[in-house]
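Visitor: Mind looking over this structure? Questions follow.
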Amino acid sequence: MTQNRYFYWLFIMNSLINIINFVPRELMDTRFKGAQTSILAAVVLGTAFVYLFTALMAKFPGKGIQEILDTAFSRVFIIPLMVIFAALWCAAGLITILSFIDITLRFISPDTGPYLVVLGFLVVVFFCARMDSLSLLYGLEVMLGISVPLILYTLFKAVTNPDFSWDAVLQIITYFPHAPDVKSMAAATFSFSGYINMAVFNRVLPKLRLKHRWILGVQGLAVLLLTFYVPIGYFGTVAVERHVYTWFSTADSIGINTFIIERMLFIFYFAYLNLSLTSVIIHWHVGKELLTGLFPSPKNPKSKAKVWRELAILGLFSAVTLILMRLDQYQLNALGIWFLLARWLGELLLIMLLFYCYTVLRRRNP
Amino acid sequence: MPAQQIVEEVSVQWIKEQLDHFADLEERMLTAPSGKAGLLYIKSITDPQIINRSIIAPFYEIDNTQVYSDYLSSYPGSEEGKTGQHALELMLGGYACVHIEGKLCFFDALKAETRSVSENMTESVTQGPSDALTENLAVNLNLIRRRYQSTELKMESMLIGNISRTKVAILYDDSRVNHQVLDELRERLGTLRIDILQASGELEKYIRSDKLRIFPKTIVTERPDRVVFNLAEGKIAVMLDTTGYAILLPVIFNDFFVAMDDKIQLPFVGRFLKLLRITGVAMTLWLPALYVAFTSYNPEIVRVQIALLIAGSRATVPYPSFVEVLIMLVMMEFLTEASLRLPRAIGPTATTVGGLILGQAATAAGLVGNIMIILVSVVAISNFMIPLNMMSFSIRVLKYLFIIAAAALGLVGVVVCLVGFTMYLCSQRSFGQPYFKMFFLDSLGNSGKQKGGGR
């Protein structure tokens, strides 16, 4: 397998991380009012986005989003755009890290001070996000290699549990025929938005030739359906709304009888901590790359200016995290849902911009 | 090589002046009916037998000084000193200077005192060859050329060190080597300015690109079969005269967990052994940290029986678990370090006193829990499962990082540290090549193309 696989890893990372970014929460809110049709619509839309975006990026091999936009727009227009996109990527990492801190404090170490935990997370993210893009892709691959088997094991145990209520799942399926809800749909497309990281990683993966992109659609559908149905099978159609971190509560309901570790929660937590830290690292790396691209590259290759810029940008991200630590669960939830919607619009905007750049390119050299 | 023309600036007198106060400088005049010849050499580094047989005896046997001069200059290994500096280098390198009728000829008579090929000490295997590289470059090359009989095996040599003048040989398989890496190595060796170079590890330190690092980026080995195996995999071997170790580069993380008898074993056994080693590394890295996390932060993670067992064994321990772990681990490091330096005869005493009595007494006194003793022994033993010493030392140091993280944040700290550790590994490069990633996925798609390496 060649470089292509890294694209799929980025996709899988995002689709697995959705359960931390309040996607199940949003789906559960509308479970009687069209969540399932929203999922279907999200699958169709998400796959279409993936196809469009990768097809457009393939026209600009080895270029990041910055270089592509430079071909068609003036700098005055690009700078605010880049700041907006960087803010979106920063927010993606931010929400993952904030909700994961909340999860950690609630499920794993209630005694540890929240600021100690956030510092621990920020230190590792801070240093890793500065690494070069290719190293991060290697790291992502290793992390998926560790986490995905554990997640699959959790899923297997979850579905084969005799106490899993298939009746509840069947009952919720009867609420299928409803018009899709826009917010739920936007939230569900988060599972598909891993491709958007290619905006920066395209630089290091110049020879991308994607085959079988439909697999992404199938995988996204499977992840979304599991995300939606499994908690309902555990908590019932109504009680499921009482849980903020639906999936962690679900994992906490599963026991392992024949192992040193008794509760599935810890295995699941371990897998997801790995994965979400990696995803924060990657999202902030993209955000950092977008912002550093705005500065002119220093003439002197040994100059420390680049390092200071990176540190300043990541420091800014970290500072925002520390400030937003004060949010309570309601506010965090609201922020998460706001982000899911904003991100979807951002993706739409990015694809339209890319399409415009492509038409400009075509007009220039037909 | 013609030595006919008279070298103007180099005269015997000049050389003798330069080598003033050399008590072991020997000068002889050979006189025969046919003519005269002068002989000048440093006694301590020249072989008297060569001087006798190849220089003095032929002089009296050959009647003609002209023929004798031709004989000397055509003898393999003899050179003419072009400049004064070169002449001095030759003299110090064990050449004898013969001057006949104003012509100077330098004759190779180096006596290299080395031990013979002996059994390897640091990387032993159960079956398979057990000869080790020696301090003599010629012998080492012999060991390798004999195992790698290919025209593609190229060798370049250079001298490094202003004083030590150490011969360095770069070996590589031309058809398999990554030429980018080779150029980078050449450049780094070429720009090296040092006085003394005595050990492979030293050279490794000089040619590294990053100042601060924890993982070895080159393999230092004494096994010729490992050198050959890696040459066939497209790696480059750097060998030094006067040291019994070769440097292999570029390497990847996984290379450090390959023992040479993996290839000898049956496939499943070999895989199993490798898995064993990786498990060992995982245990030595994480067991102490997880112990701290499970006792001090998250006892609810493990089964309740285990949690009670640990708590029971720690009932008398008067300090937090990470102090306990640190005390025992440091004690173990002392033992390992001490038994390395101790004379052979006292070695067993140290182990008995340290390991058995100390461990027993410490638990009896209630300073550490019983489980802690088991854990420390597991950590100590599994640390030495890594076949290559350099990596084993790195891992030994790294586990403290995990313990500190566990002491600060519990399980969360261990996992955060694991993420950072993996990312750090992935960001490393050995001579521009990736150091750690899922390498086996790279070869999955094109399994038809098999790389060399004697599989």
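Don't overthink the numbers, they just go from 1 along the chain as shown.
Including glycine, each Cβ sits where the backbone N, Cα and C put it.
TrEMBL lists these features:
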type     : residues  : note
TRANSMEM : A:7-23    : transmembrane segment
TRANSMEM : A:35-56   : transmembrane segment
TRANSMEM : A:77-101  : transmembrane segment
TRANSMEM : A:113-129 : transmembrane segment
TRANSMEM : A:136-156 : transmembrane segment
TRANSMEM : A:184-202 : transmembrane segment
TRANSMEM : A:214-235 : transmembrane segment
TRANSMEM : A:266-286 : transmembrane segment
TRANSMEM : A:307-325 : transmembrane segment
TRANSMEM : A:337-361 : transmembrane segment
Visitor: Cβ under 8 Å to the transmembrane segment (A:266-286), counting only same-chain residues 6 or more beyond its ends: which ones?
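Guide: For the transmembrane segment (A:266-286), the list is 10, 13-14, 16-17, 19-20, 89-90, 92-93, 96-97, 100, 103-104, 107-108, 121, 124-125, 128-131, 133, 136, 139-140, 143-144, 146-148, 150-151, 153-154, 197, 199-201, 247-248, 251, 256, 314, 317.
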Visitor: Counting only CB pairs under 8 A, let me know which of A:113-129, A:214-235, A:337-361 has the most with the transmembrane segment (A:35-56).
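Guide: By the under-8 Å Cβ criterion, the transmembrane segment (A:35-56) pairs most with A:214-235.
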Visitor: Looking only at the recorded stretches A:7-23, A:77-101, A:184-202, which one has the largest tally of CB-CB distances under 8 Å to the transmembrane segment (A:214-235)?
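Guide: Counting Cβ pairs under 8 Å, the winner is A:7-23.
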Visitor: Where among A:77-101, A:113-129, A:184-202 do we find the most Cβ pairs under 8 Å to the transmembrane segment (A:307-325)?
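Guide: Ranking A:77-101, A:113-129, A:184-202 by Cβ pairs under 8 Å to the transmembrane segment (A:307-325) puts A:113-129 first.
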Visitor: Residues sitting near the transmembrane segment (A:113-129): Cβ under 8 Å, six or more positions beyond its termini, same chain?
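Guide: That would be 93, 97, 100-101, 104-105, 136, 139, 277, 280-281, 284-285, 288, 314-315, 318, 321-322, 325.
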